[in-house]
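Asker: Provided herewith is a single structure, encoded as structure tokens, for subsequent inquiry.
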Amino acid sequence: MSLNDHWMQRDLAVLWHPCTQMKDHEQLPLVPIRSGSGVWLEDFDGKRYLDAVSSWWVNVFGHANPRINQRIKDQVDQLEHVILAGFSHAPVVELSERLVKLTPAGLDRVFYADNGSSCIEVALKMSFHYWLNVGQPAKKRFVTLSNSYHGETVAAMSVGDVALFTDTYKALLLDTLKVPSPDCYYRPEGMSWEAHSRAMFAHMEQCLAEHHQEVAAVIVEPLIQGAGGMRMYHPVYLELLREACDRYGVHLILDEIAVGFGRTGTMFACEQAGIRPDFLCLSKALTGGYLPLAACLTTDQVYQAFYDDYSSLRAFLHSHSYTGNPLACAAALATLDIFEQDKVIEANKRLAARMASATAHLADHPHVAEVRQTGMALAIEMVQDKASKTAYPWQERRGLKVYQHALERGALLRPLGSVVYFLPPYVISEEQIDFLAEVASEGIDIATRESVSVALGNTQYPGFRDPG
Ligand SMILES: *Cc1c(COP(=O)(O)O)cnc(C)c1O
């Protein structure tokens, strides 16, 4: 038995994997990874895979990065963890100072959580609680965009719009207001991204005009709706949204969990609109992809609404056991050092241009509706019919064929439904980008060549995090 098989069998006997129909593994081999280095992952039989999805969008400076490794090693000998209520430590103070400096002016307070979803819970609770504290208890609903994704916990799911979840868990979810997304995939032929995103804002304006008295906050993923298929829109939408939130007295929550730290071409996506949210949610790349950590930044105005005598019962009494973990903060500090020392945002421009040129030919593919890009995220949307943009039925699992082909060729490309995308670590080389483009082209040819016969239901599920 190969070492891969050995670990796969032991794994499948005891584990339950995330976002996985476990029965798939009767056919689909699991890939046990022994080590990682830079953009490469290596399995137990010595086969290497180029990590084109940054291990679920978290890794930015490669696996086993010597600079991040060293910082964590130093920290672990000093202090591994301490309660953050009543106590503090150097890495969390330094990280907070740097995040306040790095993010748009006016975000002056940092509250920590353990992962993206819990960070969204913090922002939602803080916004609701703020309005309660300032005597506006009617403001308790949240406005979200169609096709959005904000995480897996129940409130985070409530503000998301992934059919698979909103159907299955509907009975558990909060009552939110949903507005059509500015997603430019659906813009009319010949219309610019900017004109489409601007036109789509009319729906948001109407919703806020009608409901602002009962709305606590609007929450959006700025510029890229990630799990919804790497759908993209123009920064003008965020400019209009900031202005409207101010006008209607509603908070703006920006979920930069996936897009923060350079993914859209700027350090934070909101910089491209020149706006500052009331709550900024960060996680994923915050620690370079090493350890779970999330930060919710907010304004002094919000902070002051909670600041009072204990007996007023206005405090934000939310907590997670590992809040502000020193090892995670140390990894984040090393990550921010690399951004600064290596001038990463500037250097990424060359890589983004190479991603565009290496995949440009795919726009002419008979089963590709669109190749779209925002900074270091590039997506290729496979369709059954190019002219009408008719999607493949989800049951055909076309993306899975691309995934399997890529594994054979030594790349980890994990499509979202029929959307093949690159979200690579920033330490990828131009030659490695060319390799990915080649593998993706071959995979798309294979996946779109054959007709697939499956029993079709009538439900349309987007391919959230799932190569299905
Ligand atoms: C991944 C993600 C989340 C959830 O983060 P987790 O750490 O997986 O809980 C929330 N919002 C966006 C936009 C994400 O991409």
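Keep in mind that glycine also has a Cβ here, set from the backbone N, Cα and C atoms.
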Asker: According to TrEMBL, G116, S117, H320, S321 bind pyridoxal 5'-phosphate; which one of D175, D255, D385 is annotated to that same site?
Answerer: D255
Asker: May I ask which of the binding-site residues W56, Y149, K284, S319 is closest to D255 (pyridoxal 5'-phosphate binding site) if we compare their C-alpha atoms?
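Answerer: Sorting the binding-site residues by distance from D255 (pyridoxal 5'-phosphate binding site), the top entry is Y149.
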Asker: State which of the following binding-site residues has the fewest other Cβ atoms within 10 Å around its Cβ: S117, S321.
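Answerer: Ranked by other Cβ atoms within 10 Å, the binding-site residues S117, S321 bottom out at S321.
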Asker: Can you list which of these binding-site residues (W56, G116, S117, D255) have a Cβ closer than 6 Å to ligand 1?
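Answerer: Passing the 6 Å Cβ check against ligand 1: G116, S117, D255.
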Asker: Among K284, H320, R414, all listed as binding-site residues, which has the most CB atoms within 10 Å of its CB?
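Answerer: Answer returned by the neighbour count: K284.
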Asker: When neighbour density is defined as the number of other C-beta atoms within 10 angstroms of a residue's C-beta, which of the binding-site residues W56, Y149 has the lowest density?
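Answerer: Looking at the binding-site residues W56, Y149, the Cβ with the fewest others within 10 Å is that of W56.
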Asker: Any idea which of the binding-site residues G116, D255 has the thinnest Cβ neighbourhood at 10 Å?
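Answerer: Lowest Cβ count within 10 Å among the binding-site residues (G116, D255) is G116.
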Asker: Once the chains shown are all counted, how many other Cβ atoms turn up within 10 Å of the Cβ of S319 (substrate binding site)?
Answerer: 11
Asker: I want to verify one value. Collapsing DSSP to three states, which class is K284 (substrate binding site)?
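Answerer: Looking at the DSSP assignment, K284 (substrate binding site) belongs to a helix.
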